[in-house]
Amino acid sequence: MGSDERKPLLSINDGDDDFNHQDVSTKTPPIKKESLSNKFKSFLKKSMTKETLPILIYVLLYIISGVINVVLLKKLMIKFVNYGFFLSQITNYGYLPIFLVAMWYKMYCTSDVPKETRNFPQYKFVIMGLLDAINGFFVVIGGVSTSGPLQQLLNQAIIPFTMIASFIFLRERYSLFQLGGAAVILGGVIVSLIPSLVGGSSGGNILFYNFFYLISVIPGALSNVYKDIAFQSIDMDVWYLQFWDCLYQSLFGSILFPVNNWLPPPATIKFTEIIPSMRDGALCLGGKNTILPIFNGTTSTLAFGSCGINDNFVCDDCHNTWIIVLIYMTVNIAYNIFILLVLKHAGATVYSIANTVILPLTNIFFSIHFIMGAATTPFSALSVAGLLLILFGLGGYRIGSMIKKPPPDSKKDSEQQGGEGGAGDGDSSDNKNNLGDSAEIPQQIQPKTQLHLRNQFFGRLGIDIPESRYRATNIINN
């Protein structure tokens, strides 16, 4: 046996050293795994296109303006704690000049307000303004003695109440996901109210006014449903609608002052005190305190009957109130503009997700002492539990809304159309067969119906549209 034969198999040299060397040297180096930071950067580069970047900016600005809007409104309620009725008038009449100028421009400088819109029955605006006035009255008067986090949780009750109103007046039907989500939302609202039910007045909450605030969702839900009924067959300009709604809302809001005569403190206003209360509210708007503490001359303690002794009679703190009012009105207008932009460019699904994000963010801001000062509301176990339940219920409701099922009525209509066309469409089916199996008749694009355009319009306004009605118009258009 030669020396080569005694070598191990892998050591045999057949003169291919150059080949083996070349083969080893040309092997592909091992692929390095991309780091998470690089993956994130590449994802951002692919996502940040000219189309998606504006949408992301709109959504972020909507969330930011929404949080600021809620926080500023609560700070205004704290400033006007003794003048809740005056605050409700400011939040109504303050927007009238803005909407009037915008409507005038739309009517006389553009063609956005046609004759059909101008001839729209005024009584429908009156009913809508009445419902919105009652809603705003309950929100402001009840919100003065309801903490910021609890306000945001109670606001979510409008979803189940709107479902009930839609079921009664529109005969709307809902899926099990939507019904389950609404039930969980109501459970979260009840859990959030437990501290007030058990502990009475605490954390700036007064039980009576917590329920007073909660009642506001009833006229709010009725307003949503009425808007769906009243604007059944017309596409209306946003600014035109906002002006008339704001006008009638302000007028009806002004005549609601007798209700304060029977309300407990701090919202009590006797009939003879309405004018002095409005005057003192105007002074508070200018930064002047009217209700001041009274001290004992000898002990330097608060005298009997002075403000500040209990939560039902609070001293004025009107410093820089007018600045907060101006900032709030500016942010509120921007907030409503971003609502339209998000709905227009991102759609209702992204809008719903953004609303869900706003809810926990506002509760976080209400717990920061630097922002809320003495009105800071720390987290509690029950408030966190209520928040989680409501978020879970909102998720279930949104999932149920996104599940598209053809409504039974549209299915029956299509079956009836097929049945009616069974005898009369024989010629058309024969003609189609004569063209051959491979021939296809081009599908014509059907024009959008007035109902479909109206639903799009209200979606941009942020008005809830029953899912089956919106899907029905899509089925007709498709």
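Every residue gets a Cβ built from N, Cα and C, even glycine.
Residues annotated as topological domain 'Cytoplasmic' in Swiss-Prot: 1-52, 105-124, 171-178, 227-237, 344-352, 398-478. As annotated by Swiss-Prot, region 'Disordered' applies to 1-30, 404-446. According to Swiss-Prot, the feature transmembrane segment maps to 53-73, 84-104, 125-145, 150-170, 179-199, 206-226, 238-258, 323-343, 353-373, 377-397. For 74-83, 146-149, 200-205, 259-322, the entry in Swiss-Prot reads topological domain 'Vacuolar'. According to Swiss-Prot, the N-linked glycosylation site annotation covers Asn296. The annotation compositional bias 'Basic and acidic residues' is assigned in Swiss-Prot to 406-415.
Of the recorded ranges 53-73, 84-104, 206-226, 353-373, 377-397, the transmembrane segment (179-199) has the largest number of C-beta contacts under 8 angstroms with 377-397. Taking the Cβ of Asn296 (N-linked glycosylation site) as centre and 10 Å as the limit, one finds 11 other Cβ atoms among all the protein chains shown. Contact between the transmembrane segment (206-226) and the transmembrane segment (53-73) is not supported, since fewer than 3 Cβ pairs fall under 8 Å when only residues 6 or more apart in sequence are counted. The stretches the transmembrane segment (238-258) and the transmembrane segment (84-104) are in mutual contact, each linked to the other by at least three Cβ pairs under 8 Å (pairs 6 or more apart in sequence).
In this chain, the transmembrane segment (377-397) lies apart from the transmembrane segment (84-104): fewer than three C-beta pairs between them fall below 8 angstroms, excluding pairs fewer than 6 positions apart. Secondary structure from DSSP puts the residue listed as 'N-linked glycosylation site' in coil. In this chain, the transmembrane segment (353-373) lies apart from the transmembrane segment (84-104): fewer than three C-beta pairs between them fall below 8 angstroms, excluding pairs fewer than 6 positions apart.
Residue counts of the topological domain 'Cytoplasmic' (227-237) by helix, strand and coil are 4 helix, 0 strand, 7 coil (DSSP-based).
Counting residue by residue with DSSP, the topological domain 'Vacuolar' (259-322) contains 21 helix, 2 strand, 41 coil. Residues 140, 143-144, 148, 151, 266, 277-278, 280-281, 284, 291, 314, 316-318, 321, 324-325, 328, 366, 372, 375 of the same chain lie 6+ residues outside the topological domain 'Vacuolar' (74-83) yet bring a C-beta within less than 8 angstroms of a C-beta in it. For the topological domain 'Vacuolar' (146-149), the DSSP counts in helix, strand and coil order read 2 helix, 0 strand, 2 coil. Sequence-distant contacts of the topological domain 'Cytoplasmic' (105-124) (same chain, at least 6 residues past either end, Cβ-Cβ under 8 Å): 230-231, 234, 236-237, 239-240, 244.
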